[in-house]
Amino acid sequence: QDRLACNYWRERCLASMRWFLLAASSIVLSWWVGRSLARGRRRKLRVHFLKKGHGGKSMVGWTPTDQHLHAICRKLSSDVLVTSGEDLPRNAVDVLVAAFPTRDQLLQVKDSIRALLVPFAGFPPPTRLLLKELGMSSKLVVCNLHHNAPMTAELAVALCLAASKQIFEADRKLRQHDWSSRGIPCEGVPDPLPMLLLQGKVALVVGYGEVGQRVARIMSAFGMEVLATRASLSRVARDKHAVVHPPADLLSLLPRANVVFLCVPLTSGTSKMLGRKELAMLPKGSVLVNVSRYNYPATSKDTQSTPVSTRNDFSKLTNLVMSPHRGGAVGLEETESARLSAIAEALNLAADRSDVRAMPCRVDVERGY
């Protein structure tokens with residue numbers, strides 16, 4: 001009798017399990033069929049990659065090659081429909097991938113465009129002003145990319161080390177068979193080139209975004225006390241690597257900073273942020289590293305032919321380390337691969353969720369970053 005009861009309950013359990021598995025399978029199948037039907041009915045995300053653009057030269061912004069486009073398409077879902085070219089397609093465009101669209105181009109897609117994806121860091125002020133002028137800034141989702149933040153942060157730290165250790169001046173002397181920068185302490189030998197010991201000193205990171213946070217982590221590893229400012233803060237905050245202040249605290253932080261990193265976007269609030277007055281507040285022997293963006297040239301010709309300075313000959317300053325606009329490592333295979341992956345990720349998110357607001361790295365058009 002006990003054996004019969006045991007068999008009875010075992011059969012009941014097995015029957016319940018079979019029913020549960022059948023119900024679960026039906027639910028999953030219904031969900032999959034519904035999702036497939038929905039995907040079939042859903043309109044594809046129409047994306048246009050604008051080649052060239054304002055100024056008509058690829059030096060302005062970034063223009064995709066055919067190889068780039070093939071690589072991006074391999075990463076995109078089937079819900080993304082891609083077109084490219086200097087001219088916009090006749091059909092409507094949901095997302096325009098461009099940095100410097102012209103007025104006529106924006107007017108052509110004004111009724112259909114839902115998002116502008118700037119294919120690099122920052123937001124070009126000419127494009128921002130054009131969007132506001134055309135009344136598109138409020139309805140349009142604007143995003144950019146942070147794919148080059150690691151490269152830019154690495155260059156910032158490299159410039160800091162080169163300046164604080166006077167590497168280039170020592171190298172120049174040594175190439176002339178001059179060992180005096182070593183500074184052996186004895187009579188008749190020049191003093192060594194001054195070097196700034198970073199450990200135990202204060203680093204100030206102005207602009208605590210993707211680049212600034214990476215710089216802070218590295219300088220913290222050097223044993224520096226890291227302070228920072230961030231535009232979105234109204235009160236002091238802390239994280240693992242830095243004490244982060246609102247921008248209003250900048251002047252009070254400068255006298256404490258042995259190294260200052262400028263990692264801010266180009267906006268009306270950051271233009272001319274540090275002048276003669278602010279620089280005079282820094283301790284003697286401080287190092288200033290600027291990896292922020294400067295004013296955009298009117299055309300790409302300016303970036304190719306304009307001298308480093310038309311007013312000052314910086315080449316004769318031994319306390320200055322110069323690097324052309326190469327922090328983003330544009331054109332390198334690793335950089336372009338990261339850029340393409342970031343673009344594909346943003347477009348796939350927008351297509352998968354049927355919402356361009358799902359794209360990361362949103363830009364506030366009013367603020368400019």
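Keep in mind that glycine also has a Cβ here, set from the backbone N, Cα and C atoms.
Model, not experiment: these values are computed from the prediction.
As given in TrEMBL:
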DOMAIN    157-293  domain 'D-isomer specific 2-hydroxyacid dehydrogenase NAD-binding'
TRANSMEM  17-34  transmembrane segment
The domain 'D-isomer specific 2-hydroxyacid dehydrogenase NAD-binding' (157-293) [mean pLDDT, rounded to integer]: 91
Tally of DSSP helical, extended and coil residues in the domain 'D-isomer specific 2-hydroxyacid dehydrogenase NAD-binding' (157-293): 46 helix, 23 strand, 68 coil
